[in-house]
Ligand SMILES: Nc1ncnc2c1ncn2[C@@H]1O[C@H](COP(=O)(O)OP(=O)(O)O)[C@@H](O)[C@H]1O
Ligand SMILES: [Mg+2]
């Protein structure tokens, strides 16, 4: 579904991502793990068209994303929950969700999608008229995820959804990610929290300072010596 | 007492015009963090377009008003597209200098004989001025028209910004353009939309001031433009209610200072307006309605 090939991204003269290649197949959860500053966010922003690469290609369905406008990428069925959540403050929870469905027509179908999001995140229904800025970190994460689901994506990108959350919220978020996959959405998950991310992943990749150093099934990576040493404290 | 009421009406009429211009300043600032110094010129162009519609096409006043608003919406979009968009992502000072350049360009093009010429022109009295007695004070029908139209336009703006999809997108882009792009919102279209709305409001102000003062000229946008900018900062730049509040406040302050019985004070009315701005900003740097926002982590 998503094929990244020899992706190189530069900020000015500094190369943040060096020729990275990986793949996400329909129906999978793929986790991309790596330490802070490894280039994970850069890769996701490049996939969504917010950053243009210095080289390489990103194939999504029939589209070459490196040449596609961000709104066309969303329209093609790819949606991202950005790092740090980035809910729209000053807009209500409901309005945030409406923005998630910006490219959709308002009709029976969009009502159904909203209903599904409210069922998955009941807290959002309770808080729908509240300013998004007044939500707690965990609630904002749920809003950011709900908002991304409003466009009914085929592929959902998640950038460090567990960042800064209490353990109980983290567990809940990861359960929800698995439910989302079961209902047919493919997931590319980015995390520093390698243990959690790999344990729910079908396959995973390990990114170190802009290069992929390991790949395998989630189980293989969790068991591997390098991953244990580098990310799981031995 | 009558005098105070009388000045209140005069101040609110003038303040309406400032508020209409200030709204455009504040919306554009909110979305691209640019002080669009050419905004006063849109107001001036609005007045001239309204003049042409009334003088040469003999259109009724409100048709001319709406026509000028539509034309200026287009001009605002065009200016953004030609002058500001290519500079998106460059320094704010570069964009600011460009805005000042655009402002001079429009003034001087309009001063050419082929267009308007530098001399003031008499704005046709499309609606005859009548004084109406309201209790102890005299209100002109033009003042009522200005106040009424401004209120209608502000309500319309409120509905657009709060209830429509484009209005919500505008707020989304203002708070977080990157996140808005991830929703599939086109930032360029949203910015164009903002320029269209802001320019239309300024044009309405220009046409109404033409009717009110009976005189228009290519430099007429300079001082009101500056005062409206002050109004926007005064109320809290980037905040729509702030621009409305700031506009009315500046109009009232100016009118009361002009009318005050203190010898010679009225000559300093502009200085006093700026002085009050400085005081407000010293006490509250984000303006009257501005919040000292801290990002939630
Ligand atoms: N906008 C930017 N400008 C310059 N350098 C950046 C920018 N964003 C990220 N970087 C650099 O690129 C590298 C990768 O960052 P990032 O993709 O955010 O990593 P991660 O998400 O894995 O923590 C880091 O060295 C970071 O400092
Ligand atoms: Mg990151």
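Using the three backbone atoms N, Cα and C, a Cβ is placed for every residue, glycine included.
TrEMBL does not curate its annotations; it predicts them automatically.
Lifted from TrEMBL, the feature list:
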TRANSMEM  B:12-35  transmembrane segment
TRANSMEM  B:42-59  transmembrane segment
TRANSMEM  B:65-84  transmembrane segment
TRANSMEM  B:93-110  transmembrane segment
TRANSMEM  B:142-162  transmembrane segment
TRANSMEM  B:193-213  transmembrane segment
TRANSMEM  B:225-251  transmembrane segment
TRANSMEM  B:271-290  transmembrane segment
Checklist entry - With pairs 6 or more apart in sequence, are the transmembrane segment (B:93-110) and the transmembrane segment (B:142-162) linked by at least 3 Cβ pairs under 8 Å? => result no
Item to check | Of B:12-35, B:65-84, B:193-213, B:225-251, B:271-290, whichever stretch has the most CB pairs under 8 A to the transmembrane segment (B:42-59) | outcome: B:193-213
Checklist entry - Do at least three C-beta pairs under 8 angstroms join the transmembrane segment (B:193-213) to the transmembrane segment (B:271-290), pairs 6 or more apart in sequence? => result no
Checklist outcome for this item: Spatial neighbours of the transmembrane segment (B:65-84) not adjacent in sequence (6+ beyond its ends, CB under 8 Å) are 24, 32, 34, 36, 38, 42, 45-47, 49-50, 53, 59, 95, 98-99, 101-102, 149, 191-192, 195-204, 206-208
